[in-house]
Amino acid sequence: MKLKVAKTYLRVWLKLTSQQFQSQVANARGAALLFIFGKLFRLGTAFLMLYVIMGRAKLIVGYTMPQAILILALFNFVSNIAQLFMRGIYMFRQKVVDGTFDFYLLNPLSELFYSLFSATDPMDTLLIFPYLGLVVWAWINSGFPLIFSSVLFVLIVVVIAFVLIMSWHIIILSVGIKYLEVDNTIMLYRDLEKMAAIPIEIYGKTGSAILTYLFPFALLATIPARLIFGLYNPWFLLGFVALAILYLKLSLFIWSRALLSYSSASS
Amino acid sequence: MKKYLSIFSITLQEVFTYRLNMVMWRVRQIFVFLIPFFIWRAVLGGGGDIYGYSFAAIMTYLFGTTILRSLVMGSRTIDLGWMINTGALTIPLMRPFNIFKFFFIRDLADKLFNLSFMFIELPLIYFVFHPPIFLQTNAFYLLCAMSSILCAIFIFFYINVIFGSLAFWTRDIWAPRFLLMVIMEFATGAMFPLDMLPEMWQKIMLLTPFPYLLYVPLKIYLGQNISLIPQFIWVIFLGLITKIIWQKGLSRYEAEGR
């Protein structure tokens, strides 16, 4: 039964994504190219900044330049995977304001599914490949072997990180329902997330602890990098699995509470 | 004058309508400062300098860019593209005031809002982290810096109107706007001082209007550059371009959606 439900969700998601892709190809080809160029430019400038600083400083909180580059590459890869699926959050406020959210509530599938996953950006998919290539290049360049166990650990971390990121997105959507505010909250979330693009040790002991346990963005780059460098015990990942489950349950609870306060005032 | 004061007051009221939105926006501005602060503290906190910047110099630059971002880059004109696409531009066009003045007054209200909060947030950051900063006392440099900031405000305003006006020709304005934002983040010197780049790159950057928004005004404040001429040229050039584009765009405006 559960498999059947999962298949239904997958079918609807594929249909929505395909429609999104068709719409972009038909209406916004140039815009999509500019968007991809912008993202690559931003990535390039982030690497340039790292190069400019580490070209002179050599070491940053104990990491060499190739190691810091790997952390930045991992961050962009993992963060982009999550963003790719959850673009719907950027349009959510408008949907609450104009009443479209009422239709989500009437659908037989979960309103949360529509709110979060209905606007997967297919153009973002194209960026996964350069980002992945960058991770592989940076990994090899860092001098650490590209072995099966390390790859497996990184993949496990990506899955845990995805669940945690999804939980935070659900909380932000809940804030959107309650206070009609999403845009700056999601951007604030992105700012927080961006802190993980560099080794989190840079933020001191308190900052590192916050970014590891409270807002576990360390999972996006520093922890997988430490796993690759052999500086992290993989068994600790079990603790993050528990944390991810806890966050997901908490976010779903907050979502259900927020729905109770939805007044459908716009429709 | 009274009608422009009303626009100013209404814009401020708009900002305060969604209070959580406003709070989140302000918290974001603190993060804009914190991330580079921690990076530079890790690199220069123990002493020494890179590219001629000590920790105190880079902190002054960082504090400066944070204030200037609010002052120069606080803007309501970014709504222009949306106003054209939805037909909402029709309403201010029909009202008895100069449309550029209307946009500029709205920008000024946004800047005042940002700046007033900045005066609460920056002392807070200062007392928590105690970053060493340099305060300019030379009246000449301060005067030049103020003139430079004024030019920067106009340059940013014209760039925004030009990019917003793209909506007269295309509905897809989010992508050019995103690209502009990404380029500005780097080319204004907001990420790091542009004189950390190789000289050739610096020269290329200075041929664009972007460094004149943050980097050049700050260099003037620090007394390392007092040439205001390129900024004046950009203000005049962009002002002319803006008027031409606006007139051409307006002739295509169909008030679609109204």
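Backbone N, Cα and C atoms are what each Cβ position is placed from, and that goes for glycine too.
All TrEMBL annotations are machine predictions without curation.
Feature list (source: TrEMBL):
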| type | residues | note |
| --- | --- | --- |
| TRANSMEM | B:27-44 | transmembrane segment |
| TRANSMEM | B:50-68 | transmembrane segment |
| TRANSMEM | B:80-100 | transmembrane segment |
| TRANSMEM | B:112-129 | transmembrane segment |
| TRANSMEM | B:141-168 | transmembrane segment |
| TRANSMEM | B:174-192 | transmembrane segment |
| TRANSMEM | B:228-246 | transmembrane segment |
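Counting residues 6+ beyond its ends, the transmembrane segment (B:27-44) has Cβ neighbours under 8 Å at 50, 53-55, 58-59, 62-63, 66, 69-70, 114, 117-118, 121, 125, 129, 131, 191-192 in the same chain. Here the transmembrane segment (B:112-129) lies next to the transmembrane segment (B:50-68) in space: the count of CB pairs under 8 Å, restricted to residues six or more apart, reaches at least 3. Sequence-distant contacts of the transmembrane segment (B:174-192) (same chain, six or more residues past either end, CB-CB distance under 8 Å): 36, 65, 69, 73, 78, 81, 159, 163, 166, 205, 208, 210-211, 213-215, 218.
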